[in-house]
Amino acid sequence: MANVVVVGAQWGDEGKGKIVDWLSERADVIARFQGGHNAGHTLVIDGKVYKLSLLPSGIVRPGKLSVIGNGVVLDPWHLVQEIAKLRADGVEISPESLMIAENAVLILPLHGELDRARESQNSVAKIGTTGRGIGPAYEDKVGRRAIRVADLADEATLALRVDRLMVHHDALRRGLGIEPVDREALLTQLREIAPQVLPYAKPVWKVMNEMRKAGKRILFEGAQGALLDIDFGTYPYVTSSNVIAGQAATGTGIGPGAIGFVLGIVKAYTTRVGEGPFPAELQDADGERLGERGREFGTVTGRKRRCGWFDAVLVRQTCATSGVSGIALTKLDVLDGFETLKICVGYELDGERLDHLPIAADQQARCTPIFEELEGWSESTAGARSWADLPGAAVKYVRRIEELIQCPVALLSTSPERDDTILVTDPFED
């Protein structure tokens, strides 16, 4: 039996929600280990749609323990809203089904204000932040001035933490022309929200290790995608946390030896939200067609996603940096009806061919894609549940992807419905 880490292997929006839900039915624990409420995931269960951005996907399944690890930055007000919305939809949530790391960092209103002010004043190169305060919260964590969940339990400690935080933020706000933070108003907000958050606070590292020793199946749920990783993504157009699989251990307090299988979620084409390099991007009718057929709009922001052909170079890189054991290929059905498909197999930069994306942003922007053409198919792949249900050209497309990324397909998803999945390798039994 293997504990499984699920990571996005592109720029996010790969369809992780469905795959995590599909796996969570057999997991005992589902844990978020990085990010905040900036990356949404959509679940379709028995025809009902759930849109989550902070809570783990397992929260909608009775009898599962959902965990928000220390690697996550937590907006407590958004947490309470998301819990209330799910309860209104009939989902039962209690401290027995949801656990939050007591050392998780809080996102405060001042973080969102700072995030948005910086983005609006940055006329040189916008990062494309969602403006929800995730980046500034991580800055405070690394700067050792953050307020954490456990701080809510002691008013004297909380007041000291706020004072220390204000020294930094008031200086930043003066430079940006923003009014100073109202310290007393912030303390009042934190005191009011504390009773709604503290019942879920636990030493997650301890519980996770106890679960592991008891032989419980653990599913680690990543948000966003490896190409947005703060170290290995297309910097500076990245998120503020590590997204790759190694963060699953750091972000929950469990040792790396607990990870048995890394499942990389990969869309059958490529999308990206916001700014940054995108070598295989299509700005023509094919790109529009992919966006329309794939309904490529962000779950959280509603922003239209940029679309392009499958980039094998980038996925090969992310499979390496996350140690991916196998991929789940999603949205194959979006490619139905294309006479010809293309896969990016390399880049050209200043007359040289590259087999990887260079690290320097200016070089990334100058890379042009080298495409390989494949025959498309006219038949529908939607709802296929076995290889025999797929057109021959679709099977060839999948096999070519495996060859190029040097990683096998473990799962193939052919629609948003959780059961429309072709299982090749069971991650939990690997």
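Backbone N, Cα and C define each Cβ position, glycine as well.
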Per Swiss-Prot, member of ARG303, ARG316, ARG353 binding IMP alongside ASP13, GLU14, GLY15, LYS16, ASN38, ALA39, GLY40, HIS41, THR130, ARG144, GLN224, THR239:
ARG303
Is it possible to get the count of other C-beta atoms within 10 angstroms of the C-beta of ARG303 (IMP binding site)?
13
The record names ASP13, GLU14, GLY15, LYS16, ASN38, ALA39, GLY40, HIS41, THR130, ARG144, GLN224, THR239, ARG303 as the residues that bind IMP; what is their largest Cα to Cα distance in Å?
34
Could you tell me the C-alpha distance between ARG305 (substrate binding site) and ASP13 (active site, proton acceptor) in angstrom, no decimals?
9
By CA distance, which of the recorded positions (ASN38, GLY40, HIS41, THR130, LYS304) lies nearest to GLY15 (GTP binding site)?
HIS41
Cα distance, ASP13 (active site, proton acceptor) to THR414 (GTP binding site), nearest Å?
15
Compare the C-alpha of LYS304 (substrate binding site) with the C-alpha of each of the recorded positions ASP13, ASN38, HIS41, GLN224, and give the closest one.
ASP13
